[in-house]
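So the structure is just underneath, and the comments pick up after that.
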Amino acid sequence: MAFVPAPGYQPTYNPTLPYHNPIPGGLRVGMSVYIQGVASEHMKRFFVNFEVGQGQGADVAFHFNPRFDGWDKVVLNSKQNGSWGQEERKMSMPFRKGAAFELVFMVMTEHFKVVVNGTPFHEFKHRIPLQMVTHLHVDGDLMLQSINFIGGQPPSNQMPMPAQAYPMPMSAQAYPSPGQYYQQQSRLPTMEGPPAFNPPVPFNGRLQGGLIVRRTIIIKGYIPPTAKSFVINFKVGSSGDVALHINPRMTEGAVVRNSFLNGSWGSEERKVSYNPFGPGQFFDLSVRCGADRFKVYANGKHLFDFSHRLSAFQRVDLVEIHGDVTLSYVQI
């Protein structure tokens, strides 16, 4: 079954190189571009360009260019009217050969903010007006796993997503069990509430208005190499009931799902066609709520369905995440 992204969330999975495509809705303040991939074992260099047009001699508003050449560094620049500008160089290398990475470009009013694996790396001041940027160009010694444009093409009834972290309301209780909430789309999925960038774990987010049909939750994160397990709960705060509990267990290679209703656990479900939660891996989860089930997608592929066991699933008002995981983005 096909993955359908929510408005304002434009992912491409396993794109081929060179990647040279339009930016959905154009570039503007408040957008973030997430690039997940793996650096080649024999990596010498790769680049990410924010370009004005798609022609061979297109201007480049921002050129991001890691180079392994004996003097490991990252070169940052722009190109206007066929000429490169003044280079900015960072004599540090945040990428490792053969290692997975997450590279985030946050579009701010005055600059691009670059974050690598959750750590701020550099701020590059705008030299070309943002509204002129139309295409993203990626190529070099890497393998791309996903490119996500977040905050692009917002629906008319939503404000653009801010590019800064917003603290999420904390619940008074923490339910010590795993669970993830996914939503089924029957028409157009919706997302509500401000996004959280690099939120701390444990994460407690309140679902304003409760869990409704066609609501979509996005969770992006990283599994540390020594991780054993983590938990995502979709919970009713007033009762402690958990409509969907997702528990990736790296030590078992399992993705356990369950519910906790009226003080008792239900029967576990474990069957999946593949497991995206490997140590040292990034993941991108999309949870959709349907009228009769949750649908869970990972990295753009259907992972599992979970039929509603809590008939009044609309009472779910909390999303809890805890355990051995690093979060880079949560949209609830």
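Cβ atoms are placed via backbone N, Cα and C, with glycine included.
The beta-D-galactoside binding site feature in Swiss-Prot is assigned to TRP265, GLY266, SER267, GLU268, GLU269, ARG270, LYS271; the stated evidence is similarity to another entry. Among the features that Swiss-Prot reports, domain 'Galectin 1' is placed at 19-150, with the record citing sequence analysis. What Swiss-Prot lists as domain 'Galectin 2' is 203-332. Residues or ranges marked as phosphoserine in Swiss-Prot: SER267.
This view paints the features noted in Swiss-Prot onto the structure.
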residue : record                          : Cβ neighbours (10 Å)
TRP265  : beta-D-galactoside binding site : 12
GLY266  : beta-D-galactoside binding site : 14
SER267  : beta-D-galactoside binding site : 8
GLU268  : beta-D-galactoside binding site : 12
GLU269  : beta-D-galactoside binding site : 16
ARG270  : beta-D-galactoside binding site : 13
LYS271  : beta-D-galactoside binding site : 8
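Averaged over the domain 'Galectin 2' (203-332), the predicted model has a pLDDT of 95.
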